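Here's the structure we're looking at; comments come further down.
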Amino acid sequence: MIFYNSLSGKKEEFKPIEPNKIKMYVCGITVYDDCHIGHARTNIAFDVINRYFKYRGFDVTFVRNITDIDDKIIKRANENGETTDKLVERTIKSMHDAFDKLNILRPTKEPRATQTIPEMIAMIETLVEKGFAYQGTNGDVFYRVAKFADYGKLSKQNLEALEQGSRVDVVEEKENPMDFVLWKMAKEGEPAWDSPWGAGRPGWHIECSAMSKKLLGDTFDIHAGGSDLRFPHHENEIAQSEACNECTFANYWLHSGMVKVNAEKMSKSLNNFFTINEVIEEYHPEVIRYFLASTVYRSEINYSKENLDNARASVERLFNALRDIEPVEVNLPDDASEYEEKFIKAMDNDFNTPEALAVLFSLAKEINTLKTVNKYKASGYAFLLRKLCDVLGILFTDIEEYFKQGDGIDVSEIEKLIAERTQAKKDKNYARADEIRNDLQNQGIILEDSATGTTWKKG
């Protein structure tokens with residue numbers, strides 16, 4: 001298995017620290033607002049990778065943190081006139097609900113920053129003792145970037161150039177403009193914890209260093225996150241952790257590509273910013289997940305109606321292949337292993353989901369060909385298709401339920417119209433019955449009458 005390591009800037013063969021075990025840390029969200037489509041992209045990317053590791057037989061400890069104390073959280077809570085605790089709990093529930101809808105597995109462990117304060121303080125104390133941190137004139141504790149010789153090794157940036165670029169941002173309480181905060185002194189009305197430097201709260205970067213150390217150890221296999229976190233967040237994590245622990249922080253670094261909207265950067269100022277729940281109002285979660293998983297994880301992905309409509313068509317092709325066929329493992333044909341080997345070859349090469357999906361569509365084509373001539377063999381291929389779809393986390397909805405739910409379709413309204421049509425037929429009002437059938441057909445809903453009643457599906 002090889003994948004791109006952001007630290008080395010090239011593809012490398014993956015060698016876990018412990019055989020058959022993987023320890024992986026993914027930077028989670030700062031819980032001050034509902035998750036947006038960019039969060040979905042990052043978390044689906046690493047969910048697919050997590051699922052693939054498990055499929056390949058690894059025992060995965062997958063840690064995804066929650067940043068539950070931050071300037072943004074405090075600001076939003078004040079704007080809402082509520083406590084930070086109330087905002088945090090509501091936002092975490094919203095996150096879980098959205099991720100569950102997208103079939104994102106819950107992490108093995110989901111630490112909160114506020115539950116790891118003692119470990120953060122201990123790390124900062126060690127950094128101060130070793131000369132990597134100091135207390136500024138305003139009481140805040142800062143990391144002394146110039147003392148860490150390898151600063152910039154992840155983002156491939158030169159410290160001297162960074163320092164020159166930040167001269168305009170000179171802050172008197174710091175020795176160097178590049179120094180970043182480890183501990184912030186308390187402000188009136190803000191959450192605070194006691195520390196050797198006075199009451200305050202941690203800086204963002206030390207939170208992840210402490211949480212990963214607590215749950216995965218000083219050195220672990222994989223650290224991952226969105227490409228926007230590579231600098232300064234991940235660079236600062238390395239500086240803190242390696243100075244404190246005197247060993248490699250993470251052996252492999254994975255970064256997911258950003259979401260663009262109609263080829264533009266997604267941002268609230270451009271009014272092209274969408275929450276997960278807003279997108280689900282227009283597209284089924286199956287479609288959203290397929291769309292976000294269909295591009296190689298480290299590439300940018302373009303969010304557009306055209307691309308989502310194409311994803312919907314692809315999802316329906318896969319579902320249609322599994323329609324009217326019962327997946328049966330014992331019926332696996334002898335040549336089924338060839339499909340699985342191609343799938344593994346694709347995913348073993350930097351988690352190449354487009355190539356993996358091409359294998360699934362080849363399987364779907366085979367199933368469709370065999371349905372009417374060899375249902376036994378078709379059911380074996382259907383089992384394999386289901387199995388491999390599960391590795392990517394797609395086709396998680398019941399087939400008939402998917403076609404009933406559709407996109408933006410009001411199921412209760414359809415059922416109501418079917419009941420009205422049934423009554424119209426009983427009343428011999430065939431004109432009204434035909435009108436209802438035609439109206440639904442124009443919406444892409446096909447009615448099927450039988451002796452037991454009327455069923456419907458998307459056309």
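From the backbone N, Cα and C atoms, a Cβ is placed for every residue, glycine too.
What Swiss-Prot records for this protein:
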type: BINDING; residues: Cys27, Cys208, His233, Glu237; note: Zn(2+) binding site
type: MOTIF; residues: 29-39; note: motif ''HIGH' region'
type: MOTIF; residues: 265-269; note: motif ''KMSKS' region'
type: BINDING; residues: Lys268; note: ATP binding site
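For the motif ''HIGH' region' (29-39), same-chain residues at least 6 beyond its ends with a Cβ under 8 Å from one of its own Cβ atoms are 66-68, 70, 72-73, 75-77, 87-88, 91-92, 94-95, 98-99, 226, 258-259, 266, 273-277, 279, 288, 292, 303. Taking the mean position of the Cβ atoms of Cys27, Cys208, His233, Glu237 as the Zn(2+) site, the remaining residues of that chain whose Cβ falls within 8 Å of it are Trp204, His205, Glu207, Ser209, His223, Gly225, Leu229, His234, Asn236. In terms of DSSP helix, strand and coil, the motif ''HIGH' region' (29-39) has 3 helix, 2 strand, 6 coil. Set side by side, the binding-site residues Cys27, Cys208 differ in how many other CB atoms lie within 10 angstroms of their CB, and the most is found at Cys208. Proximity of Glu237 (Zn(2+) binding site) to non-local residues of its own chain (separation of 6 or more, Cβ distance below 8 Å) is seen for His205, Cys208, Ser209, Ser212, His223, Phe249, given in sequence order. Mapped onto three states, the DSSP output places Cys27 (Zn(2+) binding site) in coil.
For His233 (Zn(2+) binding site), applying a Cβ distance below 8 Å and a minimum sequence separation of six or more within one chain yields Cys27, Trp204, His205, Cys208, Gly225.
If you average pLDDT over the motif ''KMSKS' region' (265-269) in this model, you get 73.
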